[in-house]
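As written in Swiss-Prot, here are the features:
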- 9-39, 45-50, TYR232, 289-299, 309-313: FAD binding site (BINDING)
- ASP49, TYR232: substrate binding site (BINDING)
Amino acid sequence: MSNASDHVDVLIIGAGPAGLTTANSFNGSNCRVRLIDWKPAPLETGRADGLKSISLEVLDSFGIGDRVLNDCQPCEEIVLWNPGKDGVIARTMTIPDKVEELGQIERVMVENLYRHKTVQVNWNTQPVRLHIAPVTKDEPEAHPLTITVQNKETLGQETIRAKYVVGADGAHSWLRKYLNIGFSGDVTDSTWGVMNLVPKTDFPDIRKVFVVHSRAGTVMGVPREDKLVRLYISMDGGNRHTSIDAKSITAENLLQAARAILAPYRLDAARIPWWSAYCVGQRVADEFARHNRIFLAGDAVHTHSPKAGQGMNTSIQDGYNIGWKLRYCLEQKASPALLSTYQTERRPIAQALIDFDRKYLESFTRRDITHQEFLEAYLAGQRFTTGIQIQYPPSLIVTAKHLHAPSHPLATNLAPGKRLPDFQMVNQSDAVPIQAYHRFTSDGRFRLLVFPGDISQALAFGRFSRLGDWLTSHLPPSSGLEIITIHGARRADVELMDLHPAFRPWSDEEGWNYWTVYADDDSYHKGHGHVYERCGISKEDGVLVLLRPDGYISLIASFDETHELIDFFDGLQSGPRTVPQPERRANL
C-alpha cells in the first residue's frame, strides 16, 4: 500500500522552460507538486535565446523578472550582411531590435522553487512506467496515475500516484512516446550547428544580433552573457539541398563553416562551453492532453528551428497556461472542463508556430533574399514571438460577446481572449509606480480590474460606490476573486478611506489592504502610464475587465452588466452549457 507521501496532486516531468514555468505556477499554494528531471542539476547556461516581453511578464508575475534581466544581455539592433558583386560580404541593413538574450533563466527559476518550498524537485530522476486507472469525472480526489520513476545514479525506483501529470520532457519526450501520441511533421533538409563560444575575431558586429548570408552559407550571431556569443551556422555550404549527417559533425566543423561564411574576417574561439548539430525538425503533437489528466507542453509537443526565440517563449506560455488551470481546479474545485481548454488554446498556437517557422527558416537560408523580404520576415517574427497577436477562441474562460469585433466598445484596445498589455500605474496609498505584471502575481486567482473613470466627479464616484455594494453582496472575499481598482482621477483628488471597503478590503490580522487601488496619473520619477488611453477606456463611462490568472482577458463588461460575472463563475464551476467548439487555427 502506498504511503501518503507518495501521493501528489501534480507530477511534472522535465525541468526546461515549460516544466519550470508549470512548477512555478504553484508557488505559495497548498498543492502537492513534484518536479523530476534526468539531468543532475539545472543548466548553468541556457540553450535558448530571445526573451520576449510576454515571457518577461510571466517571470515578473513569479517575482523573478528583474533577477532574470540582470543575467541577460540586452540587444538593441540586428544587422544583415550580404555579398556584393565581388562576393565579399558587407553590412547592408540595420534594424532596431529589443530583446533580452538569456543567460541562466533555468537556474533562477529553480532557485525560485527552492525559495518557496512548494514544489519538491528531484534531479537524476526519470520515469520508466505509467499506469492509468479508470476514473470518472465525479472523482476529483482520485489519483488515477501511477508512475514508476528511477534514480539514474542508484537505479533505485519509486512509485508515485498522481492526480495529474505534465510532460515537459523535450522533443524526445518519454511520456509522448509512452502514450503513443503522434508527432506530425517532417525533418527538413536543412542542417545547422549551434555553439556558444568566446570569440576572437575582427568581425565588427560580433556584439550585435547579426545574420550573414554569403556564398558559403548563412550564420546568425546572438551576443550573450560573460563574453559569450551564440552562433547558428548552416552546414550545407550554401547548398540548401545537401544532406549532411548531423551526428558526424564536430565542434571544429562548426568553427570551420563559420569561418568560411564570415571570410574575409577572422574567427577563432577562446573557449567553447557548449555546441550541438541538428537537422531542423518541424513537428506538432497530434494531442496535447489525454483523459484530461495527462498534459504535454513545450518541445514535447512542438519542434522547430531555434532562430527566433519562439520555442522557449512558446514553451513558457504552454507551462503558464496549464499551470494556472491545474492550480485553479485543485484549489477552487472548478469544472474539469477548464482543463480541456489547454489543448484548444495551445495546439493552434503550436501549429501556427510551425507554419511561421517554415517561412522564417526560408529567410535565413535564401542567399538571394532582398532587404525588404528579410525585413518583412523579421518583423513578422517579432509580432509572432511577442505573442501580442494571439487571441484565444471562445470557451468556458473566454466570453464570446464582442469576441469577433476588433475591440470592445468600452475598451477599444482590449478584447476577450487577448492578453492585457502591461502598463504603469501609481499606488493610491504611497505614490509608488508599478508595472501591472509586477503587481499581478502568479497566485492562481482571477482578477476583476475596475476602471471607474474619474472618480473625483460625482457621477463616476456614485457608480463606483454602487458597484462596491453589489460586489459585497454577490462576490464576497471568499470567492477567491481579487479586485483591483485603477481610477482615472488625479491621485491627489482621491482619499483612499473615502472609497467603498470592497475596494480596500479589511483583514483582522493585517488591517486595510493598501495595494488594491491605483491611479492612472503622473508618478514623481517615472512619468505617466496613460493606462486609460492605452486601453481605449473612457474616463466618463469606465469598464470592468475580468483577467485570467495568466493575464488574458476573459470578459469585458459595463457597470450595468455585473450579472455577466455571476454567469461566468457559475459556468466555471459547472462546466459549459453547450457543446465545446471544435479546435480551430489560432487567430494571429
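Using N, Cα and C of the backbone, Cβ positions are placed for all residues, glycine too.
Sequence features annotated in Swiss-Prot and their locations in the structure.
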residue	record	Cβ neighbours (10 Å)
ASP9	FAD binding site	21
GLY16	FAD binding site	27
ALA23	FAD binding site	29
ASN30	FAD binding site	10
ASP37	FAD binding site	25
TYR232	substrate binding site	21
ARG293	FAD binding site	19
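On a Cα basis, GLY16 (FAD binding site) lies 21 Å away from TYR232 (substrate binding site). DSSP gives ASP37 (FAD binding site) a coil state; it is part of no helix or strand. Under the three-state DSSP scheme, ASP9 (FAD binding site) falls in the strand class.
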